[in-house]
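Here's the structure, in structure tokens; my notes come after.
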Amino acid sequence: MITEKPGWVRHEGMQIFSIDIQAGGLRFATGGGDHKVRIWNMKSVGRDSENDASTSRLLATLRDHFGSVNCVRWAKHGRFLASGSDDQVILIHERKPGSGTTEFGSGEPPDVENWKVTMTLRGHTADVVDLNWSPDDLTLASGSLDNTIHIWNITNGICTAVLRGHSSLVKGVTWDPIGSFIASQSDDKTVIIWRTNDWSLAHRTEGHWSKSELGHRLTDAELDEIKRSRYGDVRGRQANVAESPAQLLLEAVCAKQSANRKGTSNVEQNQISGKASIEPSVVAEFDSKDNLS
């Protein structure tokens with residue numbers, strides 16, 4: 001493994017709280033204690049280009065948050081960048097044609113790229129600390145210090161569900177690779193698995209890596225049975241556990257507990273338009289072969 005520590009990645013002397021690399025490896029984004037999101041040129045990382053003056057390192061500085069930026073997450077298609085902040089707001093950024101501007105009096109050169117906020121998501125009542133895109137990029141999950149997980153429809157900016165199952169700060173959220181489940185972690189020392197078809201609670205672990213049925217190692221026979229029950233023979237091939245090992249394991253746990261234990265959830269269905277505001281903008285055509293300027 002070759003490690004690099006680019007000294008030019010800075011947030012005005014403030015802490016860097018989050019980093020994420022765009023699909024395709026053209027850019028990476030950082031969020032910091034200076035309330036800013038910065039988008040960097042991935043081509044500038046490496047010994048060959050470290051001192052290459054012709055390569056722009058900083059592509060854009062996004063100054064739309066009013067609190068520390070705790071999380072930045074690229075959509076899997078690379079078109080959108082989501083950011084969550086201490087200001088309780090989630091912003092969706094998108095690149096627009098042309099070059100960007102700069103903050104008056106900052107002394108910084110104009111941005112190489114023009115990134116604008118295309119959607120503002122409001123609903124959390126405390127700091128937003130984690131974000132995660134669904135496998136199809138149509139839905140965004142957010143975790144907050146208000147103890148909740150919000151589910152956002154990115155096509156219209158509406159919060160479609162609020163998941164209330166944790167008794168303390170929600171520090172992490174992630175999607176199952178197939179999109180059937182969401183997992184959330186909290187300061188209450190639990191991990192909750194949620195079903196995405198109805199946002200019900202599928203499983204809860206008590207304690208960090210405490211002994212539980214999630215620690216049960218599946219036998220080959222058990223794994224084969226789960227594959228058959230889930231996929232049958234319609235695919236004409238054996239199911240590949242690599243498609244979603246977490247999902248297969250979860251289904252085993254749920255099957256063993258379904259006889260006498262059913263998780264309950266307090267899910268608020270919320271389609272009030274005031275929960276999210278969509279900034280008026282002309283959506284640019286997305287070029288999957290996006291190149292840096």
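Note: Cβ is positioned from N, Cα and C throughout, glycine not excepted.
Record features, source TrEMBL:
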COMPBIAS  260-274  compositional bias 'Polar residues'
DOMAIN    10-207  domain 'CAF1B/HIR1 beta-propeller'
REGION    260-293  region 'Disordered'
REPEAT    9-44  repeat 'WD'
REPEAT    62-92  repeat 'WD'
REPEAT    121-162  repeat 'WD'
REPEAT    163-204  repeat 'WD'
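Along the domain 'CAF1B/HIR1 beta-propeller' (10-207), the predicted structure has mean pLDDT 90. DSSP labels the residues of the repeat 'WD' (121-162) in these numbers: 0 helix, 24 strand, 18 coil.
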